[in-house]
Amino acid sequence: MAIKITPDEFSLLIQRLNKKWRVFAPSAEFRGGRFSDTDNIIYQRISGWRDLIWHEKSHMSPNTIIAPITETLFYFDKDTIQIAETDTSPIIIFARACDINAMSRLDYMYLSNGNNSDYSYQLLREHIRFVLIECEESFENCFCVSMGTNKTDCYSAAMRFSDEGALVSIRDPFIEAAIQGLGQEADYTPSFVSENRETVVTPDSVCHDPQKIRDILTHHPLWDAYDSRCISCGRCTTGCPTCTCYSVFDVAYDENPQRGERRRQWASCMVPGFSDMAGGHGFREKPGERLRYRALHKVNDYKARNGIEHMCVGCGRCDDRCPQYIKFSLIINKMTAAVRQALAEEA
């Protein structure tokens, strides 16, 4: 079923959905951007057409909804623990194909990577549905086609936006019920980006042994250049839809130090101190070493463990956000070239 709705009808649809669902979509945080006169496009709850930013790539990904930047896990009072309440009311997220594909990576990390699933993540994940925002063309720095994340069928509805409104392809009954009486029938089948200006070739395309790739790249000189270029700000990780690193710490209340709460907060493998250990020991002290660790995880180590897909989805946000204009897509191609050269020299 497909229909065409106007901006006013879209707003009415969101109002209907908001009665039961929490609806999140890319929206502008006024003057919250990198410069004083720019907005920050982040995921927020929306109430209508005017709140939605559909013509630009969001600066932050929807993982801020399902894995909040900071959250309380539980409260403690001497010998007792109380699990923090989680709002489990259902959620609808308007997202692009790359970000919907990123959810399978988060699901693996939080639900399958180890013997226990993450309690807080699982509570939210069970109640989330997606509405696909169709990309009519590739944005700057995207390389989703190379990563195989330009397409998805994991959505309840798909929408193609324009200034005149939206074409809607409906797959799930709850969307069909909410949109009842709105719009006009239309001929619409979602389409997906088939090419990007940026293209990458991952190391596993030239070598099928992830340990061999790791051995070749761990001490390769290509990382040395980033010791001076990378400033270790962590912006690439905060914008990434598949990063899952966090720190856990306790907050004791001033009134009674035996009472408090345990929180977890986003962390970054690109920031100094992330790998520090007791006794003053640390790993990856140089920026280039930290970048190597992140790059190998995104396009080698994760797939070696998962066995299905790379962690990187090619959204290009790391390239968009880097103040030093370091291109992750170029790094991937450099990694592949280094592996290809090493294999040729061994032959």
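Glycine residues also receive a Cβ, built from the backbone N, Cα and C atoms like all the rest.
A 10 Å cutoff on Cβ-Cβ distances gives C236 ([4Fe-4S] cluster 1 binding site) a total of 23 other Cβ atoms nearby, all chains included. When secondary structure is read from DSSP and collapsed to three states, C236 ([4Fe-4S] cluster 1 binding site) falls in the helix class. Annotation source Swiss-Prot lists [4Fe-4S] cluster 1 binding site at C230, C233, C236, C240, citing similarity to another entry.
Around C322 ([4Fe-4S] cluster 2 binding site), a 10 Å sphere centred on its CB holds 19 further CB atoms from the protein chains shown. Swiss-Prot lists C312, C315, C318, C322 with the feature [4Fe-4S] cluster 2 binding site, giving similarity to another entry as the kind of evidence.
The domain '4Fe-4S ferredoxin-type 1' annotation in Swiss-Prot covers 219-251.
Counting residue by residue with DSSP, the domain '4Fe-4S ferredoxin-type 2' (302-331) contains 14 helix, 0 strand, 16 coil. Taken from Swiss-Prot, the feature domain '4Fe-4S ferredoxin-type 2' applies to 302-331, supported by sequence analysis.
In the predicted structure, the domain '4Fe-4S ferredoxin-type 2' (302-331) carries a mean pLDDT of 96.
Here the candidates are the binding-site residues C312, C318, C322, and by Cα distance the one nearest C230 ([4Fe-4S] cluster 1 binding site) turns out to be C322. Put simply, C318 is the one of the binding-site residues C312, C318, C322 whose Cα lies nearest to the Cα of C240 ([4Fe-4S] cluster 1 binding site). DSSP classifies C230 ([4Fe-4S] cluster 1 binding site) as coil under the three-state reduction. C318 ([4Fe-4S] cluster 2 binding site) sits 4 Å from C236 ([4Fe-4S] cluster 1 binding site), taking the Cα positions as reference. Non-local neighbourhood of C312 ([4Fe-4S] cluster 2 binding site): M147, T242, K298, V299, F328, I332, each in the same chain, at least six residues away, with C-beta under 8 Å from its C-beta. Taking the mean position of the Cβ atoms of C230, C233, C236, C240 as the [4Fe-4S] cluster 1 site, the remaining residues of that chain whose Cβ falls within 8 Å of it are S232, G234, R235, T237, T238, S268, M270, R294, C318, R321, C322, I326.
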